[in-house]
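Swiss-Prot annotations:
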- 117, 121, 122, 123: (6S)-5,6,7,8-tetrahydrofolate binding site (BINDING)
- 226: N6-(pyridoxal phosphate)lysine (MOD_RES)
- 225: site 'Plays an important role in substrate specificity' (SITE)
């Protein structure tokens, strides 16, 4: 970071402050994680200088022999990790991965089915404010009001009635497992294609603790930065039948040159996810979430669906008479970072919400386990029971800081920053 400090002290200062925020706070936003230093090194490598439109061996630029090596590694590792016939690792994000699949098999005005955003779905699954809701005729399925689990009977009835061309599975705030086999069965019966957006669950699937949709879906999309613990990006898995259509849809359909430095980081992340250590990590992520959910229930919090099968704990705050927006702010003051989130059949708008979404992926990366989850549940209860008590909030803030120091984040980076700040660095 010495070059950044010398060239642009203002950006250096902002980066360091963000590092310190991550270090001294409990990052519990379910879509966030901490990459390895190897992933960050790949992202910051000389590959950022290279244009490489096209696919390995079929580029529109010269000098691509080494970026071809990198992209082929990423492709083969993604296929092996998830058991897929074909992978495209060029999408810049999960949203663009979804767009590429839509553009590959749909025409404007076609009918698609996706999970209602208010029930845990994602913007790109047909929300009105998103391109997917503007270009396509969207029918939403949701959860049962009693169990808060996906209502497959409703999904089936809607599919029979509306005959969608594509059914989309996956979510951004659904803590339980999906029945991929049942969804594929419904899709086949109505003549629909089946796509799964596994962005939130990809790392858990790679680790073998969450059902793999690849055997059931013609298309599987994902980000790489959530539970998969890679760079901020996306990828697509598909069958040989749809490989050419997907590749053409990504380039030249919706993107130009791929980000080769990010593809290198994806290759690294896929390799890391193949390890036994990663399998243990994924298992611990889910165990931490389950313990956190059970502890919060002991304090009287209502957990949506009654628990979790993943890294997500969705808390309905209505029985506590707390608005999600206020809970998010109070917890942030205490050093606990979560996000306000709608709960099923939420009467409040998304700017306020009746719930919060909590995730365990990032803290598990830091090495925290069940005992820490119990402690954190207690802090969440203390803060949300005393939201106007500054003394309580500051006491919890100090205790959070002490816990974070026990599980240091990127200690090598901290030492380097300290050297640069003190002027002791010798290679400026």
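One is the number of the first residue shown, and numbering goes on along the chain from there.
Positions of Cβ are set from backbone N, Cα and C atoms, glycine also.
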I need the CA-to-CA distance for residue 122 ((6S)-5,6,7,8-tetrahydrofolate binding site) versus residue 225 (site 'Plays an important role in substrate specificity'), whole Å please.
16
Counting across all protein chains shown, how many other Cβ atoms sit within 10 Å of the Cβ of residue 123 ((6S)-5,6,7,8-tetrahydrofolate binding site)?
17
Quick check for the class: what is the C-alpha distance, in angstrom and rounded, between residue 121 ((6S)-5,6,7,8-tetrahydrofolate binding site) and residue 226 (N6-(pyridoxal phosphate)lysine)?
16
Hey, how far is residue 225 (site 'Plays an important role in substrate specificity') from residue 123 ((6S)-5,6,7,8-tetrahydrofolate binding site), Cα to Cα, in Å?
18
Only counting partners 6 or more residues apart, tell me which same-chain residues put their Cβ under 8 Å from the Cβ of residue 117 ((6S)-5,6,7,8-tetrahydrofolate binding site).
123, 125, 127, 140, 342
Proximal but sequence-remote residues of the same chain as the residue listed as 'N6-(pyridoxal phosphate)lysine' (Cβ under 8 Å, at least 6 apart):
30, 31, 32, 33, 199, 200, 202, 203, 361
Helix, strand or coil by DSSP: which one applies to residue 117 ((6S)-5,6,7,8-tetrahydrofolate binding site)?
helix
Neighbour tally for residue 225 (site 'Plays an important role in substrate specificity'), based on other Cβ positions within 10 Å of its Cβ:
25
Using a 10 Å radius around its CB, how many other CB atoms surround residue 122 ((6S)-5,6,7,8-tetrahydrofolate binding site)?
24
